[in-house]
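Attaching a single structure in structure tokens format; questions to follow.
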Amino acid sequence: MNAAAEAEFNILLATDSYKVTHYKQYPPNTSKVYSYFECREKKTENSKVRKVKYEETVFYGLQYILNKYLKGKVVTKEKIQEAKEVYREHFQDDVFNERGWNYILEKYDGHLPIEVKAVPEGSVIPRGNVLFTVENTDPECYWLTNWIETILVQSWYPITVATNSREQKKILAKYLLETSGNLDGLEYKLHDFGYRGVSSQETAGIGASAHLVNFKGTDTVAGIALIKKYYGTKDPVPGYSVPAAEHSTITAWGKDHEKDAFEHIVTQFSSVPVSVVSDSYDIYNACEKIWGEDLRHLIVSRSTEAPLIIRPDSGNPLDTVLKVLDILGKKFPVTENSKGYKLLPPYLRVIQGDGVDINTLQEIVEGMKQKKWSIENVSFGSGGALLQKLTRDLLNCSFKCSYVVTNGLGVNVFKDPVADPNKRSKKGRLSLHRTPAGNFVTLEEGKGDLEEYGHDLLHTVFKNGKVTKSYSFDEVRKNAQLNIEQDVAPH
């Protein structure tokens, strides 16, 4: 985004319409509104509905929002004027809080008198715990806390992508360990194919970065710049890719020249891994005849560092992977690893990048295990399912007011709708703690002030227009590691 486009962002216009009218709705003499964000627990979910439980979430992406949209001088005379005009037309009435915004402009030079406290980025926290809190630091600006709910709750997206990606990593880790005895290459087992499947460039950057919290393979280039700009890494880049064919680079040779296309591409990329989509006409013929016979001599001469990666891209994902492995297993020398599972030679691998979501992934690796194929043989690509087939409802991401000060008196507030106990919200000032047993617990009603519970895991990350604490992407990744990764030392 260039500087001109960035300057156009107006926080006064980045809220739900109804919030423009809320400053008139709070009790008179309200001086503080304190709200919090959580991924609510579903206590009454029908267990048959959803295969994956999502019992814990990866907290990621707030740092990006704070830095891109909320820090610094975000209120100007021009932006107030612009908002005033838009809302006059939008509501057909003068409901806009011009006085309140002018106060922020004059008293704070357009910096937001808000404090945000949050759990460290990359933290893995069970559902139903507080993840961040927001409160006004100036009693005149009680209305500002929930004005910024809209933009802050958009953190649901990176949180959900990172969480779903990590749940898939758990599946891959479990089956890789069971079928090979180690976790080598785990971080390259799920590759991001989602750039074209998301709704915008910004979505691509945010979503790709969230997947890279857990993995290192991506074709969504937008994630790299976002991480470098808003998080930073010790490595030159946080994500990697390899040369790969698409259908056009095969079909452009004509139907009778698929072998020539394959030969040309593997020769062009002889010393690095290369992925070749092989289902333009007949995936099984391609594996058996072209790769297994006609071009076999070119494949067996490749090094371990530069395998051919055959990519099927149609049909039932499980059936296709098993049949491809079966054909390749008859055409190339297969060995048995220490766990008793079949392994293709190191110069040959398979990537399944079609129809992969968290449910089909589980089915494919389970099916492979049953047929005694090691997960070492394959990797996966996921696009729309990884970055777009997600909503705020998946983890029940919610922002609610829990504490207000009116007439100088603090009051613990909550909602508890009669028709849905899942929507009950927490009360009072909140803090997050670890019990001696290592479990997370959210304390309500300011009870975290008592020393017996240990220190609060929520840290101030934003105060009065300044980002006060930041996390590097390396820290985020370390926080989000699987327990199994810490237990199994890499070879």
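Just so you know, glycine gets a Cβ as well, placed from its N, Cα and C.
As listed in Swiss-Prot for this protein:
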type    : residues                                                       : note
MOD_RES : MET1                                                           : N-acetylmethionine
MOD_RES : TYR188                                                         : phosphotyrosine
BINDING : ARG196, HIS247, ARG311                                         : diphosphate binding site
BINDING : ASP219, ARG311, PRO312, ASP313, GLY353, ASP354, GLY384, ARG392 : beta-nicotinamide D-ribonucleotide binding site
MOD_RES : SER472                                                         : phosphoserine
Tell me the Cβ contacts of ASP313 (beta-nicotinamide D-ribonucleotide binding site) under 8 Å, same chain only and six or more apart in sequence, or just say none.
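In sequence order, HIS247, VAL277, ASP279, ILE283, GLY353, ASP354 meet the Cβ cut-off.
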Count the Cβ atoms, other than its own, that fall within 10 Å of the Cβ of GLY384 (beta-nicotinamide D-ribonucleotide binding site), considering every protein chain shown.
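I get 15 for this one.
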For ASP219 (beta-nicotinamide D-ribonucleotide binding site) and ARG196 (diphosphate binding site), determine the Cα separation and express it in whole Å.
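Checking the Cα atoms of ASP219 (beta-nicotinamide D-ribonucleotide binding site) and ARG196 (diphosphate binding site) gives a distance of 10 Å.
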Largest pairwise Cα distance, Å, within the listed beta-nicotinamide D-ribonucleotide binders ASP219, ARG311, PRO312, ASP313, GLY353, ASP354, GLY384, ARG392?
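Between the outermost Cα atoms of ASP219, ARG311, PRO312, ASP313, GLY353, ASP354, GLY384, ARG392, the distance is 32 Å.
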Of TYR188, ARG196, ARG311, which is closest to SER472 (phosphoserine) if I measure between C-alpha atoms? They're all recorded positions.
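Ranked by Cα distance from SER472 (phosphoserine), first place goes to TYR188.
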Which of the recorded positions TYR188, GLY384, ARG392 has its Cα nearest to the Cα of ARG311 (diphosphate binding site)?
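Nearest by Cα distance to ARG311 (diphosphate binding site): TYR188.
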With every protein chain in view, how many other Cβ atoms are within 10 Å of the Cβ of GLY353 (beta-nicotinamide D-ribonucleotide binding site)?
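GLY353 (beta-nicotinamide D-ribonucleotide binding site) is surrounded by 20 other Cβ atoms within 10 Å.
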I need the CA-to-CA distance for PRO312 (beta-nicotinamide D-ribonucleotide binding site) versus the residue listed as 'phosphotyrosine', whole Å please.
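Between the alpha carbons of PRO312 (beta-nicotinamide D-ribonucleotide binding site) and the residue listed as 'phosphotyrosine' there are 18 Å.
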